[in-house]
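Trainee: For reference, the structure I am asking about is given below.
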Amino acid sequence: MEAEINLSESLEDYLEAIFNLIKENGSARVTDIARYLEIAASSVNQGLKKLNQEGLISQEKYGPIKLTKSGFKAAEKIYCRHKILYIFFNKTLGVSKKNADQDACSIEHALSEESFSKMVEYLIKNNYIEKKNCAFEMNTEKEEVKMTAEQLMLDKIKVGSKVEVVKIESKGRLKRKLMDMGLNRGAKVEVKGKAPMGDPIEIKVRGYSLSLRRDEAAEILVKEV
Amino acid sequence: MSLNKLRGKNNEVKLALAGNPNSGKTTMFNELTGSRQHVGNWPGVTVEKKTGRASYQNYSLEVIDLPGTYSLGAYSEDEVVARDFLTTGDYDVVLNIINSANLDRNLYFTVQLLEMGVDLIAVLNMADEAEKKGIKIDKQKLGQLLGTPVVETVASKGRGIDNLFAETVQHRDLSEAALKIDYGSEVEALISEVVSMLKKFDFTGQINQRWAAVKLIEHDPEAVKLLEREVGASKAKKIKSLIAERELKAEDDFDNIIIDRKYEFINKVIAESVQRPAEDQELENVSDKIDTIVTNKYLGIPIFMTVMWAIFKFTFTVGEPLIGYIETFFEAAGGWIGSLLLGAGASPLITSFITDGIIGGVGSVLVFIPNIFLLFLAIGVLEDSGYMSRAAYVMDKVMSKLGLHGKSFIPMIVGFGCNVPGVMATRTLDSKRDRIISILINPLMSCSARLPVYVVFAGALFSNHASTVVFSLYALGIVMAVIMAGVFNKILFKGERSHFVMELPPYRFPTLKGVFIHMWEKVGAFLKKAGTIIFSVVVLIWVLANLPLGVEYASAESLIGQFGQLIAPIFEPLGFGSWQAASSLVFGILAKEVVVGTLGVVYAAGEGGLRAALTANFSPLAAYSFLTMVLLYTPCIATLGAIKSETQSWKWPLITASYLFVLAWVVAFIVYQGGMLLGLGV
Ligand SMILES: Nc1nc2c(ncn2[C@@H]2O[C@H](COP(=O)(O)OP(=O)(O)O)[C@@H](O)[C@H]2O)c(=O)[nH]1
Ligand SMILES: [Mg+2]
């Protein structure tokens, strides 16, 4: 795993807000974040500046805010903790949805690694969550990284290698198009070649040849098989 | 679904061919209908609509060739046409043409159709290729699993067609229940909730409600629009927020789950009905081998250049003598009919109208035919062989730097010959943005009609540097095209992201029949659409050159001449403010080479005298400024006509005409005034 970045509690909140906004609306803007966290836009701007310095987000002037790869990972981690806590409170303890959500929010930043993994184990054992979900991935990531092949973006894969799609990180129409062309999770992909100037690349998927630009391939997470 | 079961009683059957691109739909269409077909456009868009008729036993069949599409997700204009047609259901049976050698991806579309409740026959085309690859398909089992009739064909050899006809007439009243794929408890629960809301809101439409629900859960923008239209925004919002709320709590995105389950279903179907060799035993196929050469790091670009050069050569060298024949024919016909009319006592005005106006006008349209014919022949071969998509692949990096698409290169190359087929060649681009930008910059490719103008001026005024001057004009055109592509990208289509997710189809030998039919359609469409526009403008110009009554054709006193005088001051700052220069530019809009002829007429100079007249009336600097104007200003009527018919709107030809005029003026101004400042104006 990458080096941990220690974030202050409020920065984690920003990151989580951005993550959720992007997930829901496809984009996150300063005003959206301010509304989401119920704080002033000026303080949002300060927070964003810090996140930018940490390399967790990238923002073009007045453009939407984007999570960088490490930003995405950090946000996903917080998001997972939130969700696990929420499920734990709501499903096992029967806490009301509203309170479960609020409590999850305040505990998520301070929860120790140990309690977190114990909680996940417990939830899996009692069938509250499936193995596939994000929490499980988070929980076992360390071992899995050692056990299975490395995960990379498709544009980094050498010509001639065979890989399997893990996740499409594109959004909207591009994501849809890629999936319609047969690039969903689990699809086997072979990198066949690249154009004379190195871009686009040609891959073989589901028995046919498909071309895509490098920046499109850079949004497809794959693992070697 | 039985949407509109059209003609249950009599013997009419309406068929639609649908499937992935390159699955053999058009080949099948030609095989089914012979040559009895009609080509038009789908309402409102330039996508071709082909309908044809066939008869089988005592049945009369109407066949429609839909544009190829990979899914019902609808991205390009083509795909929207196919989807709209399939969802509104104006047909009896859909023949879903499937490439048997690539079942995985083809069945993805089939499954979507079946889920929507379309009554279809699964046509396993290219059975020969599947066989060669060692793929064995159990038709019966496949039909059972999909719940639909299955027929095997080889469209390119006419195999299985009779069988297909028999199935079709037998199944014209086919009414299958929609296919149901199990999307897992979480999604299924949501689907049934959405369906019951749809029922409550009286969302009947013509559409299968479960299918609509799945589409809504996938956030399909078209489905959302349809819902809003049918039930109103506030009710639609209720459904949308229900879905959003569930998604927030879900462990996984619903669209991921849905697509995974679809492919799981397809994999299961294939596992149960298809035998194929293990992956590592598959032969390395010929296409891959060709690709390693054609897209090779060092060979890729030289091969591309050679192919483009060959097309260009082919189109314009083979075309030239043919154009010569057409010109000679129309001149002779004009002269002959003219003397015949005069002999019969027709007034000179009527005679001139018929010879100069009508015959000359028709001639000016038909002159383009050989080029367009040959060009589309060449493009047809490239497309059918599979090289076209490789050319785009090889060039995409360069073109996307310019804000264009890999496929934009072909129209640009073609434009150097003639902008009319250049504009028409943009059809191969599927994003509207790429297409419009390619059209807008196409006239900046200096077409062959502008060359005579350059040659005359260069010969008269730059005899020592003639070729350098001509070359610099071509280069200037390209530079301007690059700049304008960047500008349009910024101002017209801000932020739209185009992509290059494109199939590279296997290489194939193009069939003669396929290529010829392809070519004939394009030429026919040009004749019909651009022809009428060009023709009427030509007649209009003739009228203006002859009014007021009694003036000499195109003289200073004619309306055109007067117009020339009126607008001449505009060109004063550019160094050529005479009415002669101005009216030659006006006539140049008819066709660029006419500029030379008009200058000959208005300076009342013969062939040899024109050079002297030009030397006397233009300084070298003014001449160069004039040539930049000729290069860049408003394109000819034929090009504008082609833009109108390709974009189906007057907006784009008007924008093209005006932006180019402004651009030409500005550049010529900079050339002339800059030259004066540098002391070149002698
Ligand atoms: N081997 C083989 N080739 C075919 C068959 N049907 C069509 N083709 C070829 O496949 C290519 C694409 O066909 P076309 O009809 O243009 O496909 P469309 O894009 O679906 O309209 C052409 O080169 C056809 O000659 C077939 O059954 N067997
Ligand atoms: Mg076709």
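Glycine too: its Cβ is placed from the backbone N, Cα and C atoms.
Okay, these came from TrEMBL:
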DOMAIN    B:12-174  domain 'FeoB-type G'
BINDING   B:19-26, B:44-48, B:65-68, B:125-128  GTP binding site
BINDING   B:Asn30, B:Thr33, B:Gly34  Mg(2+) binding site
TRANSMEM  B:298-316  transmembrane segment
TRANSMEM  B:322-346  transmembrane segment
TRANSMEM  B:358-382  transmembrane segment
TRANSMEM  B:402-424  transmembrane segment
TRANSMEM  B:436-462  transmembrane segment
TRANSMEM  B:468-488  transmembrane segment
TRANSMEM  B:526-545  transmembrane segment
TRANSMEM  B:621-640  transmembrane segment
TRANSMEM  B:652-672  transmembrane segment
Trainee: What are the non-local neighbours of B:Lys25 (GTP binding site), defined as same-chain residues 6+ apart in sequence with CB under 8 A from its CB?
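Mentor: In sequence order, B:Leu17, B:Ala18, B:Gly19, B:Asp65, B:Leu66, B:Gly68, B:Ile97 meet the Cβ cut-off.
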Trainee: Quick check on the binding-site residues B:Gly19, B:Gly34, B:Pro67: which one has the highest count of other Cβ atoms within 10 Å of its Cβ?
Mentor: B:Gly19
Trainee: If you average pLDDT over the domain 'FeoB-type G' (B:12-174), what do you get?
Mentor: 87
Trainee: Relative to ligand 1, which of the binding-site residues B:Asn22, B:Asn30, B:Gly34, B:Pro67 have a Cβ found under 6 Å from one of its atoms?
Mentor: B:Asn22
Trainee: Provide, as an integer number of angstrom, the distance between the C-alpha atoms of B:Met126 (GTP binding site) and B:Thr33 (Mg(2+) binding site).
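Mentor: Rounded to a whole number, the Cα-Cα distance is 19 Å.
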Trainee: Any residues 6+ beyond the ends of the transmembrane segment (B:358-382) with a Cβ under 8 Å from its own?
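Mentor: Beyond its ends, the transmembrane segment (B:358-382) has Cβ neighbours at 307, 311, 314-316, 318-319, 322-323, 326-327, 330-331, 333-334, 337, 388, 391, 410, 414, 417-418, 420-421, 424-425, 428, 510, 514-516, 518-519, 522-523, 526-527, 530-531, 534-535, 538-539, 542, 590-591, 638.
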Trainee: The transmembrane segment (B:621-640): which same-chain residues, six or more beyond its ends, come within Cβ distance under 8 Å?
Mentor: 364-365, 368, 419-420, 423, 442-444, 446, 449-450, 453-454, 457, 460-462, 469, 473, 476-477, 480, 530, 533-534, 537-538, 571, 574-576, 581, 585, 588-592, 595, 614, 653, 656-658, 660-661, 663-665, 667-668, 671-672, 675-676, 680-682
Trainee: Determine the binding-site residues, out of B:Gly19, B:Asn22, B:Gly34, B:Pro67, lying near ligand 2 in the sense that the CB is under 6 Å from one of its atoms, and give them in sequence order.
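Mentor: So the answer is none.
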Trainee: Per DSSP, B:Pro67 (GTP binding site) is which: helix, strand or coil?
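Mentor: The three-state answer is coil.
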Trainee: In three-state terms from DSSP, label B:Gly19 (GTP binding site) for me.
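Mentor: B:Gly19 (GTP binding site) sits in a strand per DSSP.
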Trainee: Return the member of B:Asn30, B:Thr33, B:Gly34 nearest to B:Pro67 (GTP binding site) in space, with distance defined Cα to Cα and candidates limited to these binding-site residues.
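Mentor: For B:Pro67 (GTP binding site), the spatially nearest of the binding-site residues is B:Asn30.
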Trainee: Just name the binding-site residues among B:Asn30, B:Thr33, B:Pro67 whose Cβ comes within less than 8 Å of a chain A Cβ; none is a fine answer.
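Mentor: Among the binding-site residues B:Asn30, B:Thr33, B:Pro67, not one has a Cβ sitting under 8 Å from a Cβ of chain A.
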